[in-house]
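Visitor: There's a structure below that I have some questions on.
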Amino acid sequence: MQMRMQQIGHFFKLYWRMVFAILWALLPLPALIMYNYPESRCAYIMFLIGGYWVTECMPVGITSLIPIVLFPLFGILSTQETCVCYMNDTIMVFIGGLILAIATEHSNLHLRIALIVMKTLGCSHAKLLGGLCTVTTFISMWIANAAATALMIPIVFAVLRELEKQGLAKVFDVREDPERPDAEPDIKPTKLAKAYLLAAAYSATFGGTGTIVGTPTNLAFKGIYEYNFPGAEPIAFGDWIVASFPQMVTNSFFLWLYLRVAFLGYLRPRSKDAEMAKIGEEGEAIANQVQNVIGQNLKNLGHMTFHETSVATLFLGCVFLWIFRAPGFIRGWSELLTDINLGDSVPVIFVCVLMFFIPKEPVFVRFYSKDPSKRATGPSEGLITWDVIRTKLPWRLVFLLGSGFAISKANSVSGFARRLGQALMPLKELPPLLMLTLVLVFVSTMTEFTSNVGTANILLPIVAHMCSAMEIHPLYLMMPVTLMCSYAFRLPVATPPNAIVSISGHIPTSALIAAGCFPAVYSVIVQVIFFPTWGVFIYGIREFPDWARKPEDTKLRLTWRFVKTYRKIIFAVCWAIFPIPLIVIYDSLEIRCAYVVLLMAGYWVSECFPMAVTSLIPIVLFPSLGILDTIDTCTCYMNDTIMVFIGGLILAVAIEHCNLHMRIALGVVKMVGFSHAKLLGGLCAVTTLISMWVSNTAATAMMVPIIFAVLRELEQAGRSGVSKLNIHRAIAMDGLFNDNNISSEIRPTRVTRAYMLAAAYCSTFGGTGTLVGTGTNLTFKGIYESIFPTAETISFTHWMIASFPQMVINSFLTWLYLRIAYLGYLRPRSKDAQLAAIGAEGEAITRQVIQEKYKDLGPLSFHESGVTVLFIMCVLLWIFRKPEFIVGWAELLTDVELKDSVPVIFVSILMFFIPKDPSFIHSFSRDPAKRPKSSSEGLMTWKIIETKMPWGLIFLLGGGFAISRGTVNSCLAKKVGESMLPLQHLPPIVILFLVCLLIGTITEFTSNVGIANITLPVIAQMCVVMKLHPMYLMVPATLMCSFSFRLPVGTPPNAIIATQGHIPTKWLITGGFAPAIYSLIVQVILFPTWGVYVFGISDFPEWAVPQMLNANVRCAVP
């Protein structure tokens, strides 16, 4: 019996997260069944998410996606209404603020500020502690509190260890067990070390509340407040600083005083703490040495670099723009620019874009120097790079903030927050000050046990409705509650600074709890005193507002080199300035929108900025030019389509993570045979199949190593050469430089080329077979449903049925073409045919290689099986969501619209829940060897997603949707469509051919998604004007956007084979002509027949008529 209990305990210890997740979801179900109302359903979801956030039984980012599944399923919000909550002005401010913070760290500016302040303030313990509190508080106002703490800890230890070397201080008490000399020693910090460590953590926490961007809880408050009270004055950056700065300074001062009293013996001169902290005259001399150490570290940084200066200038410029956007006491710059609402995201995204534009090295100013050594030899990267952002940006917080806004919206729509607010009406009888105190004590306690942002997301909507019900100004409770959500001092799990000092300083949890009690108490007192006085005065909130009531060389050569080196920056400036005269002369919304589209198209084609950064330009320019306001622009960056994209990528990453794609590839190749013709056919089939579900980049990258493994074995057997090394030869570079380079060239044989091209082209065709196969398909879905909101949505099933035949035909023609062109098919006496004939011996070698690789994979693992089952389940849920020939599951569940993001996000969440190792089933085995020693991670981990997810594509898709909405709202798309009216006299199939030919040509030169973003809104309006069904041109145009075969820059698969296969561009151009032609012919023949039949689009639809009439009314000349 005792052993059985030990087994049960061991099982729960290992798998408590999974057990808790199930029980927590089941526990309230009986109450939900008995009281099945919208409020109850919303409360259940909040209960579920709150529990998962507190325990972190699933990654916080994944828990934050639960609303996308449950709100539509429970009939609270539609999928679209839920998805748009995950991107808005507030989240864009958060992203921009983090990019600023990362740039500050990347340039090392934060370290310089820290050392200057520490050196200036002096070296006694009192001064050092005060300097530490001051600098940490200040830095944490602008960068993440975790980063501020992590920055200060090494400086703290450097100072204390210098004192310890001289015998004037002690950092740690180290105790070793004499009976166990090999055991880890017991390390505990002295009270002196604790004072410094706690100062770093707590000051970072206080500093984060000083600005609106200092911590995500502030931005969560801004978003929730402005959503719940749209008639209220928005929370401005300047107002927040003025209101919050005094309490921040007061809290930091009290912290310094408290740490001196509690740990350094201040006011207790005879205490042991005071003796430990006192360093005397000799210590002062040592302290001067410590100051020298700080000075030396500062000296090691050197003079302030151009990188630091530029970041500091842009940083101050952003703060200035924030403060004076709409300061209240004078007319702000946003009010001078336009009547459309410009949010705080406009200046911060503008500054972030500039950071990619300005080089971090100013060598360009010495380009014409007479000393050649001073001239630039290559372009400098920007002040920040996308790789740095992608690595350091905590993407999970974007979803966490978005989930908070979704919860807030659901609370309002379902009536849950209103009911809860009414239930708290008895508190109205209490004095406001007492009520504020009770609320803050409750929040201060709750935030110790869970994420600060999670606490804010749950409590702030309730507090907002509570204020409305009690007729108290919402800011009176909401802002102090927001600040208290950040003030977690007593547990390591409460906030990252606590965790950092707890781990690096070896502070036990009991000591942290004891030390954090006093800051928790006095921070509440400060809020209760300050906000009802200073805060009320600043915001003017004494009265309940009406809006809260509910509802050496030659100069020529140097110039050429300068232009070549900095061509991207020069192009970016010239491209932005060139069309400005047209805007001045012909100022209208259409011209302004055309300017933005032209600007982005040029930047996308040239890639002078990272494409994700270019995609953020509408957030700055659309509001500034009066095309769309900030809220409408930001909501374009998250919707059902983008959530399908995110979920689809999580599925694809999971398939790669468990190695299922390799098993499928090798299994198919094993089945088809081992001659070149069969191997090439198998390669085409498996690459096409895999690319339907994972990105074409991943599909190509997976197949290339398999191809080389097979061909190298054949080469070693003396059959066909994989590559040949040409002789060394001098290559004269004619032109302005007259440099000579000696290089050796590796060129693939025609057999190798056939395999390389098959992998690239079939992955491109495969991506068009499903809605989630490539970003262009999802771009079409988002733009089509945005422009024609009353049309039938693009379902996964319809797309697959309509697109699958052209995909199969194109892949088959690729196989046939490559055999004829490169393997001598139909030319039996040609040299190609002789090289391709490998005979029985070659087939045996190939069979051995493939079988060995397949054997190395071992039997099908539980990990692969779990991903396969979930993948198939997701596909079935997509197909039978609304299949039309029967009633779909979405129609049976609820009347609220459920879209394709619901099943894919549901399956994605399950992947974090189900363990990849099934050893938990042996937890109660009688054989101890079979019992698991540790818990297993899920089928997918957040770390894998964070590493492999192409986050930039989310902004790229969002930028396309913003362009679509902007072109329609400004009437640009209608004007362009009307200019195409002469084409209406041509037969529709001729128009289709011309559109596909144009798209197929321009997509070779730039991003496929970028081309789709620019052209699809125009094509949609062109169809409306010509009275053609929009899908008649939009679907083939979307597919043609993916069909890029002739240039390495056209699509990642081309780049992969050009690099790894050493294929010159001229060979790629030659090889890609035939696929470009036959894919165009297939589209022109197949879509007007099969596609029209599947989608039922032979006639101009009635739902497009209102679109045309609305456009005519909106765009009529007054």
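Each Cβ is built from the backbone N, Cα and C atoms, and glycine gets one as well.
Here's the feature list from TrEMBL:
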type	residues	note
TRANSMEM	14-37	transmembrane segment
TRANSMEM	43-71	transmembrane segment
TRANSMEM	83-103	transmembrane segment
TRANSMEM	248-267	transmembrane segment
TRANSMEM	475-493	transmembrane segment
TRANSMEM	513-541	transmembrane segment
TRANSMEM	595-622	transmembrane segment
TRANSMEM	679-711	transmembrane segment
TRANSMEM	860-881	transmembrane segment
TRANSMEM	901-921	transmembrane segment
TRANSMEM	988-1016	transmembrane segment
TRANSMEM	1067-1087	transmembrane segment
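A description of the local structural setting of each listed feature is requested, covering burial, neighbours and distances.
Guide: Long-range contacts of the transmembrane segment (14-37) within its own chain (CB-CB distance under 8 A, at least 6 residues past either end) are made by residues 44, 47-48, 51-52, 55, 57-58, 913, 915, 920, 923, 932, 934-935.
Outside the transmembrane segment (83-103) by six or more residues, the chain places 67-68, 142-144, 147, 212-213, 216, 219-220, 222-223, 226, 311, 314-315, 318, 343-345, 348-349, 351-352, 355, 383-384, 388-389, 392-394, 397-399, 401-403, 405-406, 408-409, 616, 619, 630-631, 634-640, 642-643, 901, 958 with a CB less than 8 A from a CB of the stretch.
A Cβ distance under 8 Å defines the sequence-distant neighbours of the transmembrane segment (248-267), meaning residues of its chain 6+ beyond its ends; these are 125-126, 129-130, 133-134, 137, 141, 191-192, 194-195, 198-199, 202-203, 206-207, 209-210, 273-278, 515, 518-519, 522-523, 526, 530.
Same-chain residues lying 6+ beyond the ends of the transmembrane segment (475-493) with a Cβ under 8 Å from its Cβ atoms: 201-202, 205-206, 208-209, 215, 217-218, 220-221, 224-225, 243-244, 247, 432, 435-436, 439-440, 443-444, 447-449, 452-453, 455-456, 459-460, 463-464, 466-467, 499, 502-503, 509, 512-513, 515-517, 519-520, 523-524, 527-528, 531-532, 535-536, 539, 541.
Taking Cβ pairs closer than 8 Å, the transmembrane segment (595-622) reaches residues 92, 345-346, 349-350, 352-353, 356-357, 385-386, 568-569, 571-572, 575-576, 579-580, 582-583, 628, 630, 633-634, 636-637, 951-953, 955-956, 958-960, 962-963, 966-967, 972, 1005-1007, 1010, 1014 in its own chain, all 6 or more past its ends.
Long-range Cβ contacts of the transmembrane segment (901-921) within its own chain (Cβ-Cβ under 8 Å, at least 6 residues beyond either end) map to 11, 14-15, 18, 21, 58-59, 62, 65-66, 68-69, 72-73, 79, 83, 640-641, 643-644, 646-648, 650-651, 654, 658, 772, 862-863, 866-867, 870-871, 873-874, 877-878, 881, 890, 930-932, 935-942.
Long-range Cβ contacts of the transmembrane segment (988-1016) within its own chain (Cβ-Cβ under 8 Å, at least 6 residues beyond either end) map to 597, 600-601, 604-605, 607, 611, 774-776, 779-780, 783-784, 953, 956-957, 959-961, 963-964, 1026, 1028, 1032-1034, 1036-1038, 1040-1047, 1049-1051, 1076, 1079-1080, 1083-1084, 1087-1088.
Listed by sequence, the residues of this chain that lie at least six past the ends of the transmembrane segment (1067-1087) yet keep a Cβ under 8 A from its Cβ atoms are 753, 757, 761, 765, 802, 805-806, 809-810, 813-814, 817, 821, 989, 992-993, 996-997, 1000, 1004, 1032, 1035-1036, 1039-1040, 1043, 1045-1048, 1054, 1057-1058.
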